[in-house]
Amino acid sequence: MQLKRVAEAKLPTPWGDFLMVGFEELATGHDHLALIFGDISGDKPVLSRVHSECLTGDALFSLRCDCGFQLEVALTRIAEEGRGVLIYHRQEGRNIGLLNKIRAYALQDLGADTVEANHQLGFAADERDFTLCSDMYKLLGIKAVRLLTNNPKKVEILTQAGINIVERVPLIVGENPKNEHYLATKAAKMGHLLTK
């Protein structure tokens, strides 16, 4: 295990009351969290989203990406389902950090796409480590997942890490004129499945 479970509290939201569970990475002290809705015990697959932190989309309502839209719709679907988990994966900007994300945005303003911008800054297209999420699922006792994602790589990595993903549930939301190039790049260069 790369993580330990350290704290929990109720989190009232517009979608209902979630249980917020905090985790800490053993090696770095970095924190991550899970939002649990309803009773997730048992063998029935749990509707879940692994949502990577995006301050600009999640909290500042940026139209450059689809992240904030995905977060809101994932919480809505989990609440409608009556049970589920949203893992909030604290790896901002596909794990390049907030300041480098701002630098990447500046390069995109000059014509680079999201992948080219990361490469120009010396990063891979995606620096995230999803194995941490596998440990969170295990610590929560989740045996099978219906994963809300458009990213087949996320499904592959979590499956390799021992998570039983029984279904990939598409989450195609938030398309707008400000992010159409970004979404096209995610589909063409990163393999995201964005066709309805």
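Using the three backbone atoms N, Cα and C, a Cβ is placed for every residue, glycine included.
Swiss-Prot lists Asp126 with the feature active site, proton acceptor. Summarising the annotation, Swiss-Prot assigns active site, nucleophile to Arg128. According to Swiss-Prot, the feature GTP binding site maps to Arg49, Val50, His51, Ser52, Glu53, Gln70, Glu92, Gly93, Arg94, Thr114, Thr149, Lys154. Among the features that Swiss-Prot reports, Zn(2+) binding site is placed at Cys54, Cys65, Cys67, with the record citing sequence analysis.
Its Cβ placed at the centre, Cys67 (Zn(2+) binding site) has 19 other Cβ atoms within 10 Å. Within 10 Å of Cys54 (Zn(2+) binding site), counting CA to CA, the recorded positions Glu92, Arg94, Asp126, Arg128, Thr149 contribute Glu92, Arg94. Long-range Cβ neighbours of the residue listed as 'active site, nucleophile' (same chain, at least 6 residues apart, Cβ-Cβ under 8 Å): Ser52, His89, Gln91, Arg94, Asn95.
A Cα-Cα distance of 13 Å separates Glu53 (GTP binding site) from the residue listed as 'active site, proton acceptor'. Cβ contacts within 10 Å of Arg94 (GTP binding site), excluding its own Cβ and spanning all protein chains shown: 22. Sequence-distant contacts of His51 (GTP binding site), defined by Cβ-Cβ distance under 8 angstroms and a gap of at least six in the same chain, are Asp58, Cys67, Gln70, Leu71, Ala74, Leu86, Ile87, Tyr88, His89.
For the residue listed as 'active site, proton acceptor', the nearest neighbour among the listed binding-site residues (Arg49, Cys65, Glu92, Thr149), judged by C-alpha distance, is Glu92. Look at His51 (GTP binding site): DSSP puts it in a strand.
Rounded to a whole value, the Cα-Cα separation of Arg49 (GTP binding site) and Cys65 (Zn(2+) binding site) is 17 Å.
Taking the Cβ of Thr149 (GTP binding site) as reference, residues of its chain lying under 8 Å away and at least six apart in sequence are, in sequence order, Arg49, Val50, Val155, Arg168, Val169, Leu171. Within 8 Å of the Cβ centroid of the Zn(2+) site, not counting the listed residues Cys54, Cys65, Cys67, the chain contributes Ser52, Thr56, Gly57, Asp58, Ser62, Arg64, Asp66, Gly68, Gln70.
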